[in-house]
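Features of the protein shown, as given by Swiss-Prot:
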ACT_SITE  K153  active site
ACT_SITE  S223  active site, nucleophile
BINDING   R53, S77, G78, R185, S223, S224, R310, S329, G330  substrate binding site
BINDING   E283, A332, Q335, G336, P337, G340  Mg(2+) binding site
REGION    1-96  region 'RU A'
REGION    103-240  region 'RU B'
REGION    246-351  region 'RU C'
SITE      T306  site 'Important for substrate specificity'
Amino acid sequence: MPSLRAHVFRVPADGPDDVAGVEALFASGLQANNVVAVLGKTEGNGCVNDFTRGYATRSFETLFSRYGVDGVSIIMSGGTEGALSPHWTVFARETVETPGERALAIGVSRTPALPPEHLGRREQILLVAEGVKSAMRDAGIDDPADVHFVQIKCPLLTSRRIAEAEAAGRTVATHDTLKSMGLSRGASALGVAVALGEIDATSIGDADICTRFDLFSRCASTSSGGELTDHEIIVLGMSAKWSGPLSIDHAVMLDAIDAHSVRKARERLPENSRLAAVLAKAEPDPSGRIDGRRHTMLDDSDIAGTRHARAFVGGVLAGIFGITDLYVSGGAEHQGPPGGGPVAIIVEKEQ
């Protein structure tokens, strides 16, 4: 009986418009129409005015259009602080004449556009929850316990979007565009938690978003940007309907230095395997302390705390895995416990 097979490629980038490495994959045999998603780390500031995300997205849209391919999920996360390396992670899938044997599964979906007045509110949570369920169906994953990472690109509020909403007589959750990034990430993460049965949707209200950090998802990774108005969703997990050498597991870091949990997750994966990708979330602990010691990431008026966190957690993970092309996304509201976050590890078994 046929099955689906996933492929994962980590490609270096010399800039947000450098898609040559991915085009080289196409030249060497990867079918462009088999690509379902591209995750990128671009070298902007990762904040509201980070235009490297949109630049990279447009570069990939142009590339895929040359091959007649449409509908690829293109999710760009800005910020390669510290020694993090700009890169792309390309996810592809194909049907093969091999029985399913429980392997990495990939599913994608997009939600309808989110009205600005719904951003950071309960409506966004419910919209994302439906999108995650759709992506799980696309991946052939029935059990939420088999989901190990849910990557979401969500919108933010710009001055123009705020003005348009208010001109229509509607109110928005905040007038602070930077704060809107956190609200959007947080609501999207809670949507993941609802979809996976980690939280009861009836128990969450607008006031809980980015305030009740005891509510979180074990595997949500959300990144906000001004280059979209909907949500792009990628679900990664394990499914018996898939075959191939790729496997995934994940850890939930309890704080920014919780290397132990990450190492334990790696140990659960096949020993005779090579690292295919590492995907992680990072945030400054809102308590202002890590393991009881004070940090100053939240007190820096020049550099956003999310930028500090990406650099810090990136260094921790680089020390564990020995690579710097790590997908580390900042801002982990409701994505793991406060100050922590999920880390997904994808490996390829040696043949």
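Positions of Cβ are set from backbone N, Cα and C atoms, glycine also.
This view paints the features noted in Swiss-Prot onto the structure.
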{"residue": "R53", "record": "substrate binding site", "Cβ contacts under 8 Å, 6 or more apart": "P16, G40, T42, G44, M76, S77, G78, G225, E227"}
{"residue": "K153", "record": "active site", "Cβ contacts under 8 Å, 6 or more apart": "S73, I75, M76, T222, S223, S224, G225, L228, H231, E232"}
{"residue": "E283", "record": "Mg(2+) binding site", "Cβ contacts under 8 Å, 6 or more apart": "G305, T306, A309, G330, G331, A332, E333, Q335, P338, G339, G341"}
{"residue": "R310", "record": "substrate binding site", "Cβ contacts under 8 Å, 6 or more apart": "G46, G79, T80, E81, G82, L84, A282, V328, S329, G330"}
{"residue": "G336", "record": "Mg(2+) binding site", "Cβ contacts under 8 Å, 6 or more apart": "F216, S217, R218, V252, M253, K281, P342"}
{"residue": "P337", "record": "Mg(2+) binding site", "Cβ contacts under 8 Å, 6 or more apart": "F213, F216, V252, L254"}
{"residue": "G340", "record": "Mg(2+) binding site", "Cβ contacts under 8 Å, 6 or more apart": "V252, M253, L254, D255, A256, D258, A332"}
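The region 'RU A' (1-96) scores a mean pLDDT of 97 in the predicted structure. Apart from E283, A332, Q335, G336, P337, G340, the residues listed for Mg(2+), the same chain places the Cβ atoms of F216, V252, M253, K281, A282, E333, H334, P338, G339, G341, P342 within 8 Å of the centroid of those Cβ atoms.
In this structure, R310 (substrate binding site) is part of a helix by DSSP.
DSSP assigns G336 (Mg(2+) binding site) to coil in the three-state reduction, placing it in neither a helix nor a strand. Within 8 Å of the centroid defined by the CB atoms of R53, S77, G78, R185, S223, S224, R310, S329, G330, the record's substrate site, lie the Cβ atoms of G46, G79, G225, T306, G331, excluding the listed residues themselves. Of all the recorded positions listed here (T306, Q335), it is T306 whose C-beta has the fewest other C-beta atoms within 10 angstroms. In terms of DSSP helix, strand and coil, the region 'RU C' (246-351) has 27 helix, 36 strand, 43 coil. Max Cα-Cα distance over the annotated substrate binders (R53, S77, G78, R185, S223, S224, R310, S329, G330) is 16 Å.
According to DSSP, G78 (substrate binding site) is assigned to a strand segment. Secondary structure at S223 (active site, nucleophile), as computed by DSSP, is strand. Across the region 'RU A' (1-96), DSSP classifies residues as 26 helix, 34 strand, 36 coil.
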